[in-house]
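Trainee: Below is the structure I would like to discuss, written out as structure tokens.
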Amino acid sequence: MNGNNNEEETPGKGWTNGALPPAFAPHTLDGKLQLYQHHRRWIGLNSSWSRIGNDDTELSKRTSSSSSGISLVETPEEQGQRVRALIAQLCESFYKAGWATGTGGGISIRVKHNDDWRVFVAPSGLQKEDLIGDDIFELDMNRNVVQYPFSNPTLRQSACTPLWYVIYRLRPTATAVLHTHSPNAVYATLLDPTETSSCLRITHLEMLKGVGNHAYDDFLTIPIIDNRPTEDQLADQLAAAVQQYPKTNAVLVRRHGLYVWGDSWEQCKTQAESIDYVLAAAVQMKQMGIDPAVPPKSGTYRDDDDDDDDDDVEPVTKKQKTGFHGVSAADNADDLLANVTPLLPRDGFKALLLDIEGCTSSIAFVKEVLFPYVRQHLLEFLEQRPNADWLPALQQEVQSHGGGDVMTTISDCVTYLMDRDIKSAALKELQGQMWQAGYDEGELQGHVYADMKPMLEWMQGNHIPVYIYSSGSVKAQKLLFGHSTQGDLLPLLAGHFDIPSAGGKKESTSYQTIATQLGLQPSEIVFVSDAEDELVAARQAGIGKAVMSVRPGNVPMTAVGKGFPAIYSLLQLCGA
Ligand SMILES: CSCCC(=O)C(=O)COP(=O)(O)O
Ligand SMILES: [Zn+2]
């Protein structure tokens, strides 16, 4: 840095966070950085902030080096100063984004302090864009004040403080919670004209990738709570929503704004920006007559075969891919060399756990046969059961998922819920009963690949129990395998797991739960699935081998999926 260069000495020109020209370098006489007051804009000690995705964030660092190369060990006081200054700086940028105008909104950050946390919160009712580090409170996890604002000890803590604590207590890994008064968030809570829906669902937007573990074509579900006269009165509802939606990292407040959190302040901010983007998109889409909760009929990257000329009219779910994961010639020699396929029982594994769709059975069977069966046979099924009272429960599900005006027919409710892939207990019950009738009457036969039965027989002969784990209910699983294209396979299966009995398939704890229920170590189980997220979760849980199932019509693998051993037939698991 050249002290004679005027441009470099001008804030904002020629240098970035932390790379201060000597004239601005906030070193104290003992060589430490003074990151406060007028220096608050240049609090990054490195030339840029650390990015999300590793644990080594700016806030987790206790040792830093300045742009001039001086190595500095950060004291807790300096860490506190830096967090205060960071909150002030973030509040200013949130104000500029329209998220913290009129003094509302804000952010809290907490940092580890011995075995406890130090929680930093802004004061209430001040211009958020004018805060300085000196205005910030420092609290412990019992909400005792450790340090009042240096600038004015009589300030009040932000009215959001009880809500920051709800998140910190219910989400132990969260270290930052942001509250926005973004207009996009407010409009998004009004997409349901009855204003009674308990969540908002959005799918098929690229920016969903910025929210938790969502893929482009996943469904993002954000709970909605009703507003209250004062911010602190939202705490109980916020806690209930966070508990009811264990996977959520955000909650909307109707006609008010959004709460969003993350395991670092950078992750929190990225998620808030991504959510705000998709909320804005949802509002626009609704105005264009597009329902943001309904997958597009075409144009998704899962629909990647270009040999059809009917893309515009054919729903994506009706596409059958011809190759394996989009590979026309199934040459797996490289996979087999790179990834050793586990053999049971030869390699010491004690149980086999199988996914259904894309593994034991084709995705097309579920998408093209089972679900259409419900739509096609609904009226006939209902006519034969005039006394069954499905409507109230279905209406309630539709209403709680933003259905607007009350729907008066079962058919409308079913269409609404199925179009949006809403996991509704009432719908599942109705579908289950319809499938049962279909299987009983011989109209339905559960598809299984040709290798399924010989593999099951091999495993039974070699004393390896085989279990099924699917998001479809245990009842639906038993119907499929009990009435399969290869006859009744239930005697060859040792048991079944679904979401109620084991938890979500993308959660690593679910695989531990299954292992515990089987009286096994996770390392003794082989799990096969075509879903990358599930394999990643299983591996995280310590499953002995997580194996990628490659079947015609499965979605293309990314680099993540290619990191798992791949099989093209379940018979590849049978050891010699
Ligand atoms: C116009 S702000 C009303 C209170 C509110 O919604 C909020 O977010 C809290 O603001 P505070 O100034 O108490 O941080
Ligand atoms: Zn607010």
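Cβ coordinates come from backbone N, Cα and C, glycine included.
TrEMBL does not curate its annotations; it predicts them automatically.
According to TrEMBL, the protein has these features:
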REGION    1-23  region 'Disordered'
REGION    54-76  region 'Disordered'
COMPBIAS  62-71  compositional bias 'Low complexity'
DOMAIN    85-283  domain 'Class II aldolase/adducin N-terminal'
BINDING   HIS179, HIS181, HIS256  Zn(2+) binding site
ACT_SITE  GLU206  active site, proton donor/acceptor
REGION    290-324  region 'Disordered'
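Show me how these features fit into the structure around them.
Mentor: The average pLDDT the prediction assigns to the domain 'Class II aldolase/adducin N-terminal' (85-283) is 95.
There are 21 other CB atoms within 10 A of the CB of HIS181 (Zn(2+) binding site), with all protein chains counted.
Here the Cβ of GLU206 (active site, proton donor/acceptor) has 13 other Cβ atoms within 10 Å, regardless of which shown protein chain they belong to.
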Trainee: Which has the fewest other CB atoms in a 10 Å radius around its CB: HIS179, HIS256, the listed binding-site residues?
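Mentor: HIS256, out of the binding-site residues HIS179, HIS256, has the fewest neighbouring Cβ atoms within 10 Å.
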Trainee: Could you give the Cα-Cα distance between GLU206 (active site, proton donor/acceptor) and HIS181 (Zn(2+) binding site), in whole Å?
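Mentor: HIS181 (Zn(2+) binding site) has its Cα 24 Å from the Cα of GLU206 (active site, proton donor/acceptor).
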